[in-house]
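Quick look at what Swiss-Prot lists:
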ACT_SITE  Arg369  active site, proton donor/acceptor
BINDING   94-97, Lys116, 123-130, Asp294, Glu454, 470-471  FAD binding site
SITE      Glu195  site 'Important in orienting the L-aspartate substrate'
Amino acid sequence: MATGIASGSGQLHLRKPVYWRSSYGKAHCHSNAILNGMQNQIPWSYWVSKFLRVHRSNYSQCQVKTNWKSHTGTINSCQRDGSTRYFDFAVIGSGIAGLRYALEVAKHGTVAVITKAEPHESNTNYAQGGVSAVFCPMDSVESHMQDTIVAGAYLCDEETVRVVCTEGPERIRELIAMGASFDHGEDGNLHLAREGGHSHRRIVHAADMTGREIERALLEAVFKHPNIHVFQHHFAIDFLTTQDGSDIICHGVDAINTETQEVIRFISKVTLLASGGAGHIYPSTTNPPVATGDGMAMAHRAQAVISNMEFVQFHPTALADEGLPNRPSARENAFLITEAVRGDGGILYNLDMERFMPMYDKRAELAPRDVVARSIDDQLKKRGEKYVLLDISHKPREKVLSHFPNIAAECLRHGLDITQQPIPVVPAAHYMCGGVRAGLEGETNVQGLYVAGEVACTGLHGANRLASNSLLEALVFARRAVQPSIDHVNVSRIDHCASSWWPRPVAPVVIGDTVLNKVIRRTREVRKELQSIMWEYVGIVRSTSRLTAAEKRINELELEWETYLFQHGWEPTMVGLEACEMRNLFCCANLVVSSALSRHESRGLHYTIDFPHVVESKRLPTIIFPSQRNSSWSSRQLHRQQIC
């Protein structure tokens, strides 16, 4: 069996075959380089988990030189050598997954937390609704599992679903023990909210600012820990990898200090990628500005396996600014109106105050997000309107203000009282259900590289994420990645000659400020063009012709942009925030389009008018294998892999 490889252009290439045990079933390639899993009788997780284990089973440390001065055991403090830092663990991202992992592994070695902006600026900090887990005696793990699988359009990995739903309550208790404060009812127990797709109340929350409270508690603990070193305003560029036969080994990451423009090389025994999603491939997203798909793109360039990128979740209810009495200035990210508003009885109306959700689904406003987003999209297109209305004003004022203080304050700031008026809402890009393929311990096919959070594809979400399962997944997988990471550190070593194995990226100072400013301006224009293409052609409802047109236009735009850069003195090893974000956005956009073109059915978040029905034989994950071909600057590492 040959592996299917997706390049930036989405073409199929073949490389050295990977052989499987005969019991694994027979994999098959679909169009556009996407390998869609296994025969129906083989569980989704069985093949994937075994693939990752087989790929990692014969670990051998790369041997390039025999006269290294190596460091065995753990590093007692942060070691540095010029612009190189040495750590036992490197963590990319400062959201719930990265911070929770850092606090655990810091008991066993030194940790670098590398974060692109301020430490709190993560998707976690913007999460409103809560964390789903079974705490109510009337609820059960089986019920939570069933809700997750139904919402995921039966593409979920059942083993992963069971693990997450079973371990979730204990992970939340750990957060509480660390100082996170959640809402409690009059009986003294945790107040449990209900959201769309859930059959029971099981959402643990802190009003409508749950993520902010979790981030606060975790950061407070991180800043107090002597073994954790936080590098803020450090933008991860590319992984440092070597190749030993068919094995890819990660030795750390290069990052640029976006305030000083110094490139720092982080050499580590283990790297956890927890960098979040890629919402900014679209013009309107609830994600913060840092969510430009950096981790997914870096992992793809480092030859990690990527999965299920066609499943982009559009949150049904982002605040529609143009419907507010006092329209705010342009935002960098859309303001989220949490799922819990509908869970608490919020009703969706069109602008004629006609309730429409019962026409689309018997669960009405409590249907899963993909159903609600498509229903709103259909209403807007049929009626030629730009937003719909979400009304919670029929509920007691005190209840509304106590449950949704953040939303109430934001709307009131712009002249709208949600206790008396409906909220204008519109779908916006929210969450990537696909990402870097991970096993049950967060392991990837790249040795020494683990993933957790939105950047990972664990199989939990399938074709559509159930509300409030994202923070839960991040907690569970951050914790599950700890022990294998510690085991890896204990048998690994840091070599202080390793820093010289790869050429160093450089800031583009030699091209001068005038030219650099021109490059940045053009890059920002290209970014808007890409976002426009993605929304127009790769949005909530898709078609083969529009996806094909998007693929063609994206590749043309990428070539035009790269040509512009190099005509203005840019070199392949140069790095800067805007340019590196842009190449990552191009990479992620291509992954989404290639994956979408390969799925010839409508399932969950992927709805195409050319294949409008679910096809049971296609209930398989989409897998993008790494490409050896470097067709563009965006698709290759800035430094070549060191071959052992």
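Every residue gets a Cβ built from N, Cα and C, even glycine.
Projection of Swiss-Prot feature records onto the structure.
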residue	record	Cβ contacts under 8 Å, 6 or more apart
Ser94	FAD binding site	Val113, Thr115, Pro119, His120, Glu121, Ser122, Leu219, Val230, Gln232
Ala97	FAD binding site	Leu272, Ala274, Ala452, Gly453, Ala474, Leu475, Phe477, Ala478
Thr124	FAD binding site	Gly95, Ile96, Gly211, Ile214, Glu215, Leu471, Ala474
Ala127	FAD binding site	Thr210, Gly211, Arg212, Ile214, Ser470, Leu471
Gly130	FAD binding site	Phe182, Ala193, Glu195, Ile203, Val204, His205, Ala206, Thr210, Ala340, Ser468, Leu471
Arg369	active site, proton donor/acceptor	Ala151, Gly196, Gly197, Gln313, Phe314, His315, Pro316, Glu339, His430, Asn464, Arg465, Ala467
